[in-house]
Every structure is written in C-alpha cells, then in structure tokens.
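S.K.: To start, I am sharing the structure in question, which I have written as structure tokens.
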Amino acid sequence: MSNGLLKGKKGIIFGALNNQSIAWKVAERCHEEGAEFILSNAPIAMRMGEMDELAAKTGSDVIGADATSLEDLNKLFDAAIAKFGKLDFILHSIGMSVNVRKGKHYTDLNYDWLQKGWDVSAVSFHKVMRVAWEKDCMNEWGSILALTYIAAQRTFPDYNDMADNKAYLEGIARSFGYYWGERKVRVNTISQSPTVTTAGSGVKGFGGFLGYAEAMSPLGNANALDCANYCVAMFSDLTRMVTMQNLFNDGGFSSAGVTQKVVERFE
Ligand code: NAI
C-alpha cells in the first residue's frame, strides 16, 4: 500500500532492533510512502547485525548513536544534515529499564538503574530534540514523535519504573512541543497497545497484558503495522495542526470501562 504520503520527506528513525521492532515497521512503511531516512540505534544494538537488512531494503544509511550521549547525537545530526539538509520527521522509538530487565520490584528500586532507564527512555527524547533545536535542522511543518504506553496514566504493576519514564516522556513532548510551535514543528507521543517485541516481551507477565488488552479493546490490540501507519499519518501533511498530544493507538482500550468479553469471564 503506497499513497506517496511522505514523498520528498527526510528524517531519522531511532530504535529498529529487529523485524519485530515497531520502528522497523515504521521504517518499512515510511519507505513505501516515499520518505528517505537515516536509521539509528545504540552501537551495541547495531552489532547484532539485523539493521543492515532493513538499511538495504529501504536504501538507508545506518548511523550508531547512544541516544543518551549528546556527543553521539551531534555527530548523527551533522551526518543527517550533510546528507539531507533540513529534516521533516524524527521517530524516537527507544525504551529500556534496567530494573525491569533485572526483575527488581517497584517497592525496592535500584536508583542507579532507575536513572539509567530514565535517561534512555525519557530524557533521550529531550536530548534528541535539543540537538535538532540547536542545529535548527527541522523544516517548517515537520513532525517529531515518540512512542509511549498507557502505564503513564494508569497503573500496570509489572511495568515498574517504565511507567514513570513514560509519564516523563509524555511531559517532555508537551513541554518541548510548546517551543517547537515557534518553528511550526509538531511534537506528539503515540500510546501504543502492548505489542510483541524485544522490549515488550521483557515485561513480566507480558502475555497476560497482551490478552487482557485484547479483550478490553473493542477493536482488539493495535499491532506494530497499525502503529507504523499512524506514524506515517503523523509525519504526513494531513496532520499539520496536531501537536503536544498523547495519541492513543490502542483499539479503544483507553476509553473502555469494561467489555462483554471481560464481563463474561466473571459471570
Ligand atoms: P524494541 O526492543 O524493538 O525497541 C527498543 C529500542 O530501543 C531498541 O532498538 C534498542 O536498541 C533501543 N535502545 C535502547 N537503549 C538505547 C540507547 N541508549 N540509545 C539508542 N537506542 C536505544 O521494542 P519496541 O517495543 O519496538 O519499543 C519501541 C518503543 O515503543 C519503546 O519506546 C517502547 O517503550 C514503546 N512501546 C512498546 C510497546 C510494546 O508493547 N512493545 C507498547 C507501547 C510502547
């Protein structure tokens, strides 16, 4: 499916680790819609090698950057500007919690790990936008997106400190989005259904999350391709006045009090 919605648009896509990654699907869809972009990920993720396949498929360069490092981000943006001139879109699809990875309980968080996860999952969005801001490298009517999860608004115990990281991430989208308005650039977060990926599957009880969300969503869970399609819409010229929003791509989960499927399980 291609409608040329992103023809001529240039961007950077962060976070495609393997073909299950949401960012992988976003890259495929952006390519189909005519965009050109640079793929970026943490150097350690790039060594796993799968990104080369995506780069070949989409005709993209791959440039490593630890998204917590201003030095790495400066180099990445310099390379993007050298290649494309100004940019039209950025996708931040980055998340990691050391406490989740190591199974540390929320009531007993390790604060060094918390800080690391907060930096990777939330503050990196500020750093990405700050570097783009300082280099003044976004075209007017450009679009910047990050991916988030509803644990920012409601408690999902096993999501642990990632819930707080997502709340912070959504706050950054609003706060920085205000300033980007001066430059006619929009900033939003997409709050996605639970999706089977490397990061998603790392959350304890993920299968339960997935099944519960499916039963609680009138349309069912949105998958990675659905998310990618929403990202394409948000990068396209069809959504120019949408900014500082947290946009749910969740089959209705966030508005459903209960569904028949769930009620039946308790009768
Ligand atoms: P994923 O594991 O494929 O992607 C996470 C990415 O973050 C990986 O590519 C990883 O290499 C990258 N990353 C980690 N540390 C980094 C660093 N220091 N610098 C640069 N990149 C770094 O998993 P997924 O699910 O595609 O995650 C993408 C985004 O979607 C994340 O923000 C995640 O929280 C969000 N999300 C995922 C949901 C799910 O159920 N899978 C639901 C809602 C949101």
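Including glycine, each Cβ sits where the backbone N, Cα and C put it.
Keep in mind that TrEMBL annotations are predicted by a computer and have not been checked by a curator.
Features from TrEMBL:
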ACT_SITE  Tyr149  active site, proton acceptor
ACT_SITE  Tyr159  active site, proton acceptor
BINDING   Gly15, Ser21, Ile22, Ile94, Lys166  NAD(+) binding site
S.K.: Can you tell me how far the Cα of Ser21 (NAD(+) binding site) sits from the Cα of Tyr149 (active site, proton acceptor), in Å?
M.R.: 15
S.K.: Sort out the sequence-distant neighbours of Tyr149 (active site, proton acceptor) for me: same chain, 6+ apart, CB within less than 8 Å of its CB, listed by position.
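M.R.: Residues satisfying the criterion: Tyr159, Met162, Ala163, Lys166, Ser191, Gln192, Pro194.
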S.K.: Where the criterion is a Cβ under 6 Å from an atom of ligand 1, which of the recorded positions Ser21, Ile94, Tyr149, Lys166 meet it?
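M.R.: Passing the 6 Å Cβ check against ligand 1: Ser21, Ile94, Tyr149.
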S.K.: How big is the NAD(+) site in terms of the longest C-alpha to C-alpha distance among Gly15, Ser21, Ile22, Ile94, Lys166, in angstrom?
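M.R.: Farthest-apart Cα atoms in Gly15, Ser21, Ile22, Ile94, Lys166 are separated by 18 Å.
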S.K.: Which secondary structure state does DSSP assign to Ile22 (NAD(+) binding site), in the simple three-class scheme?
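M.R.: DSSP call for Ile22 (NAD(+) binding site): helix.
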S.K.: Tell me the Cβ neighbour count for Lys166 (NAD(+) binding site), meaning other Cβ atoms within 10 Å of its Cβ, over all protein chains shown.
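M.R.: So the Cβ neighbour count for Lys166 (NAD(+) binding site) comes to 25.
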